[in-house]
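Read the structure below first, then the notes.
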Amino acid sequence: MSWMQNLKNYQHLRDPSEYMSQVYGDPLAYLQETTKFVTEREYYEDFGYGECFNSTESEVQCELITGEFDPKLLPYDKRLAWHFKEFCYKTSAHGIPMIGEAPNVYYRAVWVVLFLGCMIMLYLNAQSVLDKYNRNEKIVDIQLKFDTAPFPAITLCNLNPYKASLATSVDLVKRTLSAFDGAMGKAGGNKDHEEEREVVTEPPTTPAPTTKPARRRGKRDLSGAFFEPGFARCLCGSQGSSEQEDKDEEKEEELLETTTKKVFNINDADEEWDGMEEYDNEHYENYDVEATTGMNMMEECQSERTKFDEPTGFDDRCICAFDRSTHDAWPCFLNGTWETTECDTCNEHAFCTKDNKTAKGHRSPCICAPSRFCVAYNGKTPPIEIWTYLQGGTPTEDPNFLEAMGFQGMTDEVAIVTKAKENIMFAMATLSMQDRERLSTTKRELVHKCSFNGKACDIEADFLTHIDPAFGSCFTFNHNRTVNLTSIRAGPMYGLRMLVYVNASDYMPTTEATGVRLTIHDKEDFPFPDTFGYSAPTGYVSSFGLRLRKMSRLPAPYGDCVPDGKTSDYIYSNYEYSVEGCYRSCFQQLVLKECRCGDPRFPVPENARHCDAADPIARKCLDARMNDLGGLHGSFRCRCQQPCRQSIYSVTYSPAKWPSLSLQIQLGSCNGTAVECNKHYKENGAMVEVFYEQLNFEMLTESEAYGFVNLLADFGGQLGLWCGISFLTCCEFVFLFLETAYMSAEHNYSLYKKKKAEKAKKIASGSF
């Protein structure tokens, strides 16, 4: 046969390329125009190369095995067919070699069906594995760590945000309290605000050593009274006497007792009223000695019938304690007899007391009558002219201001107080932080004593002042983020213990309870005492036992926690992100966008301002935005996620009465006896304890339930089960793809060069 002879000629040729050239021709002959391509018939029949693979002769097989063969010499389509067939023989994937080496069509068809069935099962199981991976499921690992837990930051606030004696000097606050008094009077059905008191005077026409000067009698509801000094025309000495007073002596004594108890804020009717009687008796005994003329400079004068008239001179010009809501002017003394001084305490009615042995802290400016009746007065503005004020008729406030206060239609006292607290926050927002701090309690006034781990605290250094819109000045213990405080043991003796003093006599009329507000939080978190705080009443030891739980959450795609500490529009600068802060920031941004001003209860960004408390339009806009966020679709406008790292403190509260009767010690800086100090601190003081119940804490850590490693393991198992494919088998398919892509690119490049050469030849022939 000719093909056998051609193969044997290879043995007689020293150059293999020459033999290939003789058998197959020049491999580059197809690039020449005159050279004819080898046809398929010539390739398989004339040259006989294709018959070699079907020959079973040993000689032929041996020559084929030992002979060198270059598949690049084959045409492109035959080269691809040869390459794929070679891959079927060599691949490590199960089933594919059986298809390629099948001896007949039926055998090959069976293996094709089996292979396709396995591929379908692989697809279904692989889809299940991928779905499980894409669900991004997570698990929570709970660990109980027996280690020293870091002590949290403790923020302490007085339940009374501002001192009544100082806050009432702010005009907007005074107007707010006046509107509050009017609303409370209407809600309680009080009809006595415009009723004049019955004034009865004694008629000592000839003063005698045993005759007492005119004493004020009357009835009055002082639940909303607020005093301020004012000028008025008065009658002093015999000018103000009346025969009717002697007839009503017994009846009016009872009314005087009731009235004075209300004014002086007396709680203990048996003990403190006796002291008040002693004060009255002493005051009027002095008059018995001094009343030797028709008019004494130090005696009390009457102004109920003359307060509408302008004084005519020095003899009838008095300063009276005036209440705008009731038009009461009492007591009245001549102008030169009042003394400008400082008082120890002032209550919500602006009534002040001097020489209070149990009082401690800031002294308030006041003006005192000879009878020791004192009224808060800072001297910045002159006293009101009562006759001018009353000639204008019943005082009418600006309707827009009353509308902004929001008291219209309210009949529930609790709701009115709540609205008044909000109005106070709005009014205080007009002041700077320094002014608000000045009107509120100082850290030395609130915290008398302090200890941590059994050692005394440095109150000035260990407490940081923070101004809260709802509670005024608050003080944070353990505020230094670079210092890590820990309790050396569990129990109250090794935690934080504080003796606090609230000075209930200087409370605002909107403050409903006496005590302090305590917030337990991380150093990096804003305290939010109005939301997360705990109230500790006066007269008790309030023990707060702590348990710490640390959370570590996974960010996207496993969760939606906030990983970076804060969001871009977070309004609480220098503090870490929290869910409550996020909602408040979202609400504030909404208010700023739609109302052009911010809610005074929350901070505002730079270049923004708070809404005016007296602006009814702004207040309505704020209320509308609050209703929007509290409605059905409010949660869709503010989406706030949990932080990725969070410390949660579980608190257990237990109280006990304090101080005990056996605690006969000088508490704080009280100057009275031990019994007096105990009684005073029971009404104005409290002991607060914050400690860990156990020196261990829980760690809750989220981790991925099905990670990428699990995906590879399960997916590889499915490939091996159904197709016998491993990672190396996958690499075989990758290389097959790369090789075929390279052959296609090489073939296309050869065609491109050929066309380019033909084009150049045509151009060259055309030039001749």
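Quick reminder: no glycine exception, Cβ is built from N, Cα and C everywhere.
For 1-109, 740-768, the entry in Swiss-Prot reads topological domain 'Cytoplasmic', with the evidence type sequence analysis. Positions annotated as transmembrane segment by Swiss-Prot, on the basis of sequence analysis: 110-130, 719-739. Among the features that Swiss-Prot reports, topological domain 'Extracellular' is placed at 131-718, with the record citing sequence analysis. Annotated region 'Disordered' per Swiss-Prot: 184-219, in sequence order. Per Swiss-Prot, compositional bias 'Basic and acidic residues' is recorded for 189-200. Summarising the annotation, Swiss-Prot assigns N-linked glycosylation site to Asn335, Asn356, Asn480, Asn484, Asn503, Asn671 and lists sequence analysis as the type of evidence.
Positions of Swiss-Prot features highlighted on the structure.
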residue	record	CB count, 10 Å
Asn335	N-linked glycosylation site	14
Asn480	N-linked glycosylation site	13
Asn484	N-linked glycosylation site	11
Asn503	N-linked glycosylation site	24
Asn671	N-linked glycosylation site	14
The topological domain 'Cytoplasmic' (740-768): mean pLDDT? 84
Using Cβ atoms and a strict cutoff of less than 8 Å, what residues sit near the transmembrane segment (719-739) while being 6 or more residues removed from its termini? 83, 87, 90-95, 115, 118-119, 121-122, 125
Using DSSP and collapsing to three states, where does Asn484 (N-linked glycosylation site) fall: helix, strand or coil? coil
With DSSP as the reference, give the number of residues of the topological domain 'Cytoplasmic' (740-768) in helix, strand and coil. 28 helix, 0 strand, 1 coil
If we check Cα distances from Asn335 (N-linked glycosylation site), which of the glycosylation sites Asn480, Asn484, Asn503, Asn671 wins as closest? Asn503
Residue pair Asn480 (N-linked glycosylation site), Asn671 (N-linked glycosylation site) - Cα distance, angstrom, rounded: 35
Assigned element (helix, strand, coil) containing Asn335 (N-linked glycosylation site), judged by DSSP: helix
Based on DSSP, name the secondary structure state of Asn671 (N-linked glycosylation site): helix, strand or coil. coil
